[in-house]
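Mind having a look at this structure? Questions to follow.
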Amino acid sequence: MTVHFPFQNSYVALPDNFFARVAPTPVAAPRLIKLNRPLAEELGLNPAELETPEGAEILAGKTVPEGAEPIAMAYAGHQFGHFVPQLGDGRAVLLGEVVDRNGVRRDIQLKGSGPTPFSRRGDGRAALGPVLREYIVSEAMAALGIPTTRSLAAVVTGEQVYRGTALPGAVLTRVATSHIRVGTFQYFAARQDVEAVRRLADHVIGRHYPDLAGTERPYHALLAAVISRQAKLIADWLLVGFIHGVMNTDNTSVSGETIDYGPCAFMDAYDPKQVFSSIDEFGRYAFANQPRIAMWNLTRLAECLLPLFGDDKDQAIKEAETALDGFAAQFTEAHQAGLRRKLGLFTQRDGDQPLAQALFDAMALAKADFTLTFRRLSDAAGSGDLSVVRALFEDPTGFDEWAARWQQRLAVEPQTPAERRAAMRKVNPAFIPRNHRIEAVITAAVENDDYAPFEELHAVLAKPYDDQPDRADYAEPPQPEERVLQTFCGT
C-alpha cells in the first residue's frame, strides 16, 4: 500500500547552509506501538495507511515517503549558559511539511532516526523510554491547552541502543508548527552572516507572523511578537506546575510552542526551587527561574536581530531593550490573570497577587500538592467545605489563615458558588502526567513489552479537567517510596 503525505516543503527553499540533506537510517524491524489518529486526520493523513506495515516503515525511517525532502536543520545554542556554535539536528530528520485542515503549515520530523552531519559522535538513535515520555507529556500539554509540539506516532525499531545498558530503540514522529529555534538565529549570527539572519527572519515572519510582513519595521515587530508568545507560554507552564528542565536557547521555539521535553517534569509538592533534571546541577532551570531564563533567551534572540534594526547600533540596542522590557509586564499580566482564574476570581483587585502568593507560601511550608490543592479548591468554592484541601497540608495552620482571606475575597465576587466551581474546574486539572506514573509506564514497556499502562495513562491525560472517578488514583500524588527525584534527558 502507498502511504500518502501531501508534502509542501518550504524550508528546503532556503540556502543550503540552513540544513544538511540526509536520509533517515533504516532499522531492522519497525513496529508501530502508538498512532495519534485524531492528529493524523488533522494533518490530512490517512490513519489506516499509517497503521500498515508500510506506514510503520515510514514512521521508523526505514523508507522515505514520496514527496519528502529529508533534512537535518542547522542551529547553535547556549546550553546552561555556555555557547556552542554548532549543534543542529543530531538525531532527527525533518521529512517535510504539510498544511493541515486549518490551513496551518506543520513540520513532520522523525526523532531518533539515525546519525546526521550534526550528530557530534552520537548514534543518532533514541531509546524507548524518552520516546514514550515525550509522547505522553506533549499530548498531555496539548490536552491542557498549552502550546506544544505534538506526537504523531511512536515506533519501536527492533534494534537496541546503548545508554550505559542495552535498551529498546524507538522513533518518535514529532509535529510542530516549525522547528525554528532561538538557536537557529544564533547559528548564523555567530558566523556574522547577516543576510542569512535576514532570510531566516523573513521566513519566520511569513510562516508564523504573516501580519507583520510589509509593516514599517518588521524585524522589530518580530522580536516583540516572539517575546509576547514566550511570555504567555511561560505563564502557562507555571500555572500547571510544569518544569521544562533544559531551557537552552536551542530548546526555545520562535513559534511559541513547548519543544524538546527531555528531562521535563510536573511538580508534586509545591516548591519554587524544584529541579528534577539530572543535568541541572545548579538549579538554573528551577521552576521559579523559568521566567528569568526565558527573558535571558529572548535577549540572545534580540542580539541576533540587532543588525536588522538599522545602522545605528546604539539606537538598535535601545529599541531591542524596549521590546525586551515588555516581557516582564506581559508575563506578569498573563500569570496573574491565570492565578485569578485558578482561585475563582472574576474581577481584579489590588490584593489579588499577595493573596495568591500567600497560598504558595503556605503550600511550600506544608508541602501541599500543587495540582490537587487547586483542584480541591475548585470543589471547595462550590461546597464551602475546605476539609479536603486542608488534608493536603502537613500543618494546615498557614492554609487556615489564607482560607479566611480567600473567603472574604470571594464574598465580593458576583458569581454564585456553582458558577465559580464550574469555572475553576476548567482551569484546574485533576490529572497531570505525574512523574511516578510515567516511570511505571516506561518500566512496563521497556522490561515487559507491555503497553497497556501507557495506553491507560494516555487516555486519562486526554481529559485532564474531567473527574474520571474510575481513574481517581491517577490524580493522587506519589507515595514516599514512589517519588521521582530526578529525570534524565535520555540522549
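Glycine is no exception: its Cβ is also placed from the backbone N, Cα and C atoms.
So Swiss-Prot says this about it:
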ACT_SITE  Asp250  active site, proton acceptor
BINDING   Gly88, Gly90, Arg91, Lys111, Asp123, Gly124, Arg174, Arg181, Asp260  ATP binding site
BINDING   Asn251, Asp260  Mg(2+) binding site
COMPBIAS  466-484  compositional bias 'Basic and acidic residues'
REGION    466-491  region 'Disordered'
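Distances, neighbours, how buried they are, the whole picture for these features please.
Counting every protein chain shown, the number of other Cβ atoms lying within 10 Å of the Cβ of Asp250 (active site, proton acceptor) is 23.
Residue environment of Arg91 (ATP binding site) contains 22 other Cβ atoms, counted within 10 Å of its Cβ in all protein chains.
Under 8 Å, Cβ to Cβ, and six or more positions away along its own chain, Asp260 (ATP binding site) finds Val246, Asp250, Asn251.
Residues of the same chain lying 6 or more positions beyond the ends of the compositional bias 'Basic and acidic residues' (466-484) and with a Cβ under 8 Å from any Cβ of it are 265, 268-269, 276, 369, 371-372, 375, 430-431, 434-439, 456-457, 460.
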Suppose we draw a 10 Å sphere around the Cβ of Arg174 (ATP binding site). How many other Cβ atoms does it contain, all chains included?
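Excluding its own Cβ, Arg174 (ATP binding site) sees 26 Cβ atoms within 10 Å.
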I'd like the per-state residue tally for the compositional bias 'Basic and acidic residues' (466-484) from DSSP, helix first, then strand, then coil.
10 helix, 0 strand, 9 coil
To which of the binding-site residues Gly88, Asp123 does the lowest count of other Cβ atoms within 10 Å belong?
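Counting other Cβ atoms within 10 Å of each of the binding-site residues Gly88, Asp123 gives the minimum at Asp123.
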